[in-house]
Protein chains: 2
Amino acid sequence: MADIDSKFESATPIGVTTGPIRGSRKIHVATQTGSGIRVAMREIDLDPHSGEPPVRVYDTSGPYTDANATIDINAGLPEIRADWIRNRGDVQEVTQREVKPEDNGQLGPDRSGGVPAFPNVRRQVLRAKPGANVSQMHYARRGIITPEMEYVAERENLGRARLSEYKRDGESFGASIPDYVTPEFVRDEVARGRAIIPSNINHPESEPMAIGRNFLVKINANIGNSAVASDVAAEVDKMVWSIRWGADTVMDLSTGRNIHDTREWIIRNSPVPIGTVPIYQALEKVGGVAEDLTWEIFADTLIEQAEQGVDYFTIHAGVRLPYVPLAAKRMTGIVSRGGSIMAKWCLAHHKESFLYERFDEITEIMKAYDVAYSLGDGLRPGSIYDANDEAQFAELYTLGELTKRAWAQDVQVMIEGPGHVPMHKIKENMEKQLEACGEAPFYTLGPLTTDIAPGYDHITSGIGAAQIGWYGTAMLCYVTPKEHLGLPDRDDVKVGVVTYKLAAHAADLAKGHPAAQVRDDALSKARFEFRWRDQFNLSLDPDTAEQYHDQTLPAEGAKTAHFCSMCGPKFCSMKISQEVREFAAKQNQPAENFIAAEEAEKLVPSEVEAGMAEMSELFKETGSELYMGAGGREHD
Amino acid sequence: MADIDSKFESATPIGVTTGPIRGSRKIHVATQTGSGIRVAMREIDLDPHSGEPPVRVYDTSGPYTDANATIDINAGLPEIRADWIRNRGDVQEVTQREVKPEDNGQLGPDRSGGVPAFPNVRRQVLRAKPGANVSQMHYARRGIITPEMEYVAERENLGRARLSEYKRDGESFGASIPDYVTPEFVRDEVARGRAIIPSNINHPESEPMAIGRNFLVKINANIGNSAVASDVAAEVDKMVWSIRWGADTVMDLSTGRNIHDTREWIIRNSPVPIGTVPIYQALEKVGGVAEDLTWEIFADTLIEQAEQGVDYFTIHAGVRLPYVPLAAKRMTGIVSRGGSIMAKWCLAHHKESFLYERFDEITEIMKAYDVAYSLGDGLRPGSIYDANDEAQFAELYTLGELTKRAWAQDVQVMIEGPGHVPMHKIKENMEKQLEACGEAPFYTLGPLTTDIAPGYDHITSGIGAAQIGWYGTAMLCYVTPKEHLGLPDRDDVKVGVVTYKLAAHAADLAKGHPAAQVRDDALSKARFEFRWRDQFNLSLDPDTAEQYHDQTLPAEGAKTAHFCSMCGPKFCSMKISQEVREFAAKQNQPAENFIAAEEAEKLVPSEVEAGMAEMSELFKETGSELYMGAGGREHD
């Protein structure tokens, strides 16, 4: 479905956005091992006259963009991982925990909130056999390469087929990015805790992906239920719309009514890992009174969500009683909802957090389903003023302690980070996280690099996200233009996702990620050769690129014209550049032999004369066709 | 005038956008010297109940946002610098060069292009007396502090009155930013060539501003004439609209017909320095045939524009004959229009560039009017692939050579920079520029940090702009969402300006610019205290901030409500944070005495117990009002 003016597009019969992303095809690439595993990617065909090969790009959109797929949200997605999970022989079927009214935030037994239960919801779900550990980390540490790891390796190798054409380049700040990703490399990274593959055994619909400093930088989009969710498809489409534009994972931050049923609909239809903050639902179950929270209610909520298939849980176990008062002298106190809930509980009971004290018991639950930890930064700064303060770092070091405790049980962990941080304080966050948390993947919100631009915080934070991604952050949690002001609509979500996708890619380029530049080069070459359609199709948002172009030059002919609206048909620097190239080509020597650039500034007149004479000679050979057209494209 | 839905707003009688920026007042602050000079600023009053002082912000918008000003674009702006210029006694009146038809790109004598001449255009213009040099640099080097320097000092000291409240912080990469800016400091920076004050003696309407690494980071917006300019006010309003949102200078990149007359209208009504690329108009005069350009035509164009009052000229004198072939092996060749014009001329004549060979003669003209150089980077990279190549740096070192030649005649210089550069190659650009060009101010376009997001290049470049601004770039040339695709409309211009304004501010924060954080802190405090109106008014774009807020909570009451749409009335982490603060305040010891954060990770159980007991005691004293409300605002 085209996305131009998405607000006004009519819903498809199945109620979610489907159809190929403009100018590309879904493909499924077999892994090298011959295991029969096929990895979903997107391929962009370029103008046949260009002689350029198709460009393969990473694809998070799942079957929704596959022209050959049939989408039925009442049935959910195919369970591509079902056999992989069962064939490991370490899971058992158990009867799913009975859904209670309070799971949907209702006092009575009715489900009058407008959200029907997912049809044929599983009565039987999976759990590790007694004593077993089904986490990817556990397999990795025992030397087992899982199909999930194999899938990830092929997926991450994107573009590396052309690696020989590239000289590796970049500053990775100590990362260890290989030329080629092997399944063994993935296993080793997961075993060391430097990467996670969120893959709950009850979410077999998910396409495996890795979050780690030595892989492509990932992004997360947040969604939440509407106050009155009368249309289930609309709730599911928030997820579908996010992954269409590039969200690698989606967090369901729903609160209030119907969150259990809404979550079931989302997970059954999601090809990407789903994250949640279980304390939100637990709080609903005690009527919103933080001090009434108990370990039993919380643990029951973890099992409820683990059985549905949530892939990672944000757990704010680092908000310890002694740290709470450190927030007192802050400009903006505690800005994390989960953090403030736990702070309130700790003060109410003058007790240490039960999340901290029961951490090993939580880990026991996580490993029975392979739910990954996303250790929450409940004390992250909410303003430039509060950045990098002692409350923030006290919590970070506790998260490091908890990381090691989770790893002791082979449970996967990533660490959440800020927030609001001025540029000169960003690197310290990355360095302290790597040191405190043993290189566990860092997952940051922005950070926002200034507080003065509400309405543009996708940009104030995109600046910080690109930098911290370059420094080593593995996943960037998006921020929309509505941050601090209101609830994002469909267009805000798209702008947030695309902004973070470009920030993540800028980070991959700067880290020297192999072949990350393939797409930049393909687009630049298309730009230079006036292949407008290829330019649009290679961009992160082909619909908007074409829409902007057509606002100035609507005619179809303009898409093949050898000029653009900035300079018009008369002037074009691309044209003279091509002439310069022909000029150089006609010589029997490479252009740089005219003169070495390093020598340029040292030129003395006589040498200049010599250079000119040489040029003059060469000119006479090349003739006058060199001298047609002129002009330029960008500013001056 | 409100800006919501600017596209649809009806034009005011005088045809340009006027009226205060929402929530602020224009003020005029007297300088400390008692000279009577008064500096225009904007003051934002905060909620009287907050007890917060008004916040003064840098203001580029001129009289257009002054409720007490009468705007008449037929008369032009008041000439605030007229007496300053004349009182120096080194200028003479000369008859303005006769306007020729080709000045307006017309073959015939008529001015049928739809742009009338500016009413009462000056017959007499100013020029330095024979042998005199009227450049700010010349005065500075003779130890003279001009009123322009005094104005700049006061303007830059913004917020420093509250400096005592701030601990200076930041990484400035070798900049020398003083706690307070004195007129003497400004003089010294201009004398050393580290800052420029673009101030053509024929543009007395301009409010003095400085471009330099030790001052606030500035931004430039580009405007150009419409193909058919039937409405002069619309052309002038492009400039007025740009400065309303924060453009510190505006470049008129018009080509084709009527550019002389359009330029006169813009300069007579502009309170900010105006820059141009004279080669564009010179090319028009020779019918667009680059090889027909001559020194005589170019020099005549410089005088034509200098007499009108253009404050800085982009001169592509660094595109030397020997460098042209270096562009041959590039992905995207030469992307600078001026650069390609000169490349074409050089090859056509097999001669060194006349701009390079006649550079000292150009400088003679510049110093007679105090036009500053903006030495153009005609060989800047147009793609990630071409970043930091030998063509680019060969030109940069030549610009360094030319800088010293201009300084030899006391003429002000800044240096233009790229372009398209991945993050890990940005710093090298800054370091080489500082070294090659003796710390002359750097003026960069972006740079764009990836090529894969056309439609979002204000963001791909905003990321690079914030970084290079942090590293030391003095002025950032904006990029709009339409870059590479089409011509920006009114909304694109605003988005581009605000994006660059926030990038420049993020750079000021990271450089540790004194009191740059005053505005961030004021906004964060307003956010924490739910002063919604103050939040909107303190933001870079109050109209959009309020518009976004109202999309979710339109009611006027919501602007005073102690909650926001993200969490609703029930949950609010700000609330519990305030409770935590009260809790700490009730104690006779500061919060951090509970426990030192640095000690946190080393806690042993017994100490934890002790800490808890202490908390417990304190709690009993403070009572239960601590335990109301909970929740949070941002993601998780």
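In case you wondered, yes, glycine gets a Cβ from its N, Cα and C as well.
Predicted automatically and left uncurated, TrEMBL annotations should be read as such.
The annotation substrate binding site is assigned in TrEMBL to A:N222, A:M251, A:Y280, A:H316, A:S336, A:R337, A:G338, A:D377, A:G378, A:L379, A:R380, A:E416, A:Y443. A:G338 (substrate binding site): 27 other CB atoms within 10 A of its CB, across all protein chains.
The Cβ of A:H420 (Zn(2+) binding site) has 30 other Cβ atoms within 10 Å, all protein chains considered. The Zn(2+) binding site annotation in TrEMBL covers A:H420, A:H484.
For A:C564, A:C567, A:C572, the entry in TrEMBL reads [4Fe-4S] cluster binding site.
Annotation comment: TrEMBL describes A:93-103 as compositional bias 'Basic and acidic residues'. Within the compositional bias 'Basic and acidic residues' (A:93-103), the DSSP-based counts of helix, strand and coil residues read 3 helix, 3 strand, 5 coil.
What TrEMBL lists as domain 'ThiC-associated' is A:21-91.
As annotated by TrEMBL, region 'Disordered' applies to A:93-118.
Across the domain 'ThiC-associated' (A:21-91), the DSSP tally of helix, strand and coil residues reads 13 helix, 17 strand, 41 coil. It is 17 Å from the Cα atom of A:H484 (Zn(2+) binding site) to that of A:G338 (substrate binding site). Rounded to a whole value, the Cα-Cα separation of A:Y280 (substrate binding site) and A:H420 (Zn(2+) binding site) is 23 Å. Considering only the residues assigned to substrate binding, A:N222, A:M251, A:Y280, A:H316, A:S336, A:R337, A:G338, A:D377, A:G378, A:L379, A:R380, A:E416, A:Y443, the longest pairwise Cα distance works out to 20 Å.
Reported as a whole number, the C-alpha separation between A:Y443 (substrate binding site) and A:H420 (Zn(2+) binding site) equals 14 Å. Long-range Cβ neighbours of A:S336 (substrate binding site) (same chain, at least 6 residues apart, Cβ-Cβ under 8 Å): A:H316, A:G376, A:D377, A:G378, A:L379, A:R380.
Ranking the binding-site residues A:R380, A:H484 by other CB atoms within 10 A of the CB puts A:H484 at the bottom. Cα of A:N222 (substrate binding site) to Cα of A:H420 (Zn(2+) binding site): a distance of 18 Å. Residue with the densest Cβ environment among the binding-site residues A:Y280, A:Y443: A:Y443, by other Cβ atoms within 10 Å.
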